[in-house]
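S.K.: The following block contains the structure, expressed as structure tokens.
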């Protein structure tokens, strides 16, 4: 074990991680990671300003953001590059991002401080718990799930976040007309997503052919996607609209 003391922000993040009961099957794995100076700055200075704690009560996001605005919920923002790009391009939209990887949380928070953005709030915990407990039903305009872990091995498929229960939870939280936008670079997972969502009640596939949509302009291209394109790899986008 390290003898390095934790920062106050790390203590705050750890408190709610330890206080919550664990779900039986997680769609993610907690990874240890070293903090850069910028990421630590983000946690120390950005968490008190932009960080939110998991609660058992539905949150008033109008009060939290200080306005009424279209609301986007992002599951697993990684290092936050896409979130920053989307938030900067759409200052009239409020973003709620959730990520369990602390260096990624620190990186996004540092970016918010550096760019002076105020339309993003951040959770560092299980996104499904945030949806269940903190987000009001029929309150989200969009939910983004970009490049989730595909859990390639068959015995791990139960860990995939996109399951019938996930589809129903998201449907409840989206407004009628709200959209679930997913993207993956693993074709078998894309087919799995399509199968699950096509069978889920209350949704309409926005793809003209009933399968995948062309890459939407509003989704930033990641460095991994650019590398994949050079190698001839594909990316599949799915958009399902809540209709009921």
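Every residue gets a Cβ built from N, Cα and C, even glycine.
Checked Swiss-Prot, it gives:
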REGION    1-20  region 'Disordered'
COMPBIAS  1-10  compositional bias 'Polar residues'
BINDING   74, 99, 126, 149  S-adenosyl-L-methionine binding site
ACT_SITE  149  active site
BINDING   153, 185, 222, 223, 224, 225  substrate binding site
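Just tell me what is around each of these and how deep it sits.
M.R.: Cβ neighbour count for residue 126 (S-adenosyl-L-methionine binding site) (all protein chains, 10 Å cutoff from its Cβ): 20. For the recorded site, residue 126 (S-adenosyl-L-methionine binding site), the DSSP three-state label reads coil.
According to DSSP, residue 149 (S-adenosyl-L-methionine binding site) sits in a coil region rather than a helix or strand. In the shown protein chains, 16 other C-beta atoms lie within 10 A of the C-beta of residue 149 (S-adenosyl-L-methionine binding site).
Remark: residue 153 (substrate binding site) has no non-local neighbours by Cβ distance under 8 Å and separation of at least 6 in sequence.
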S.K.: I need the CA-to-CA distance for residue 74 (S-adenosyl-L-methionine binding site) versus residue 222 (substrate binding site), whole Å please.
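M.R.: Distance (Cα to Cα, whole Å): 15 Å.
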S.K.: Looking at the binding-site residues 74, 225, which one has the fewest other Cβ atoms within 10 Å of its own Cβ?
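M.R.: Ranked by other Cβ atoms within 10 Å, the binding-site residues 74, 225 bottom out at 225.
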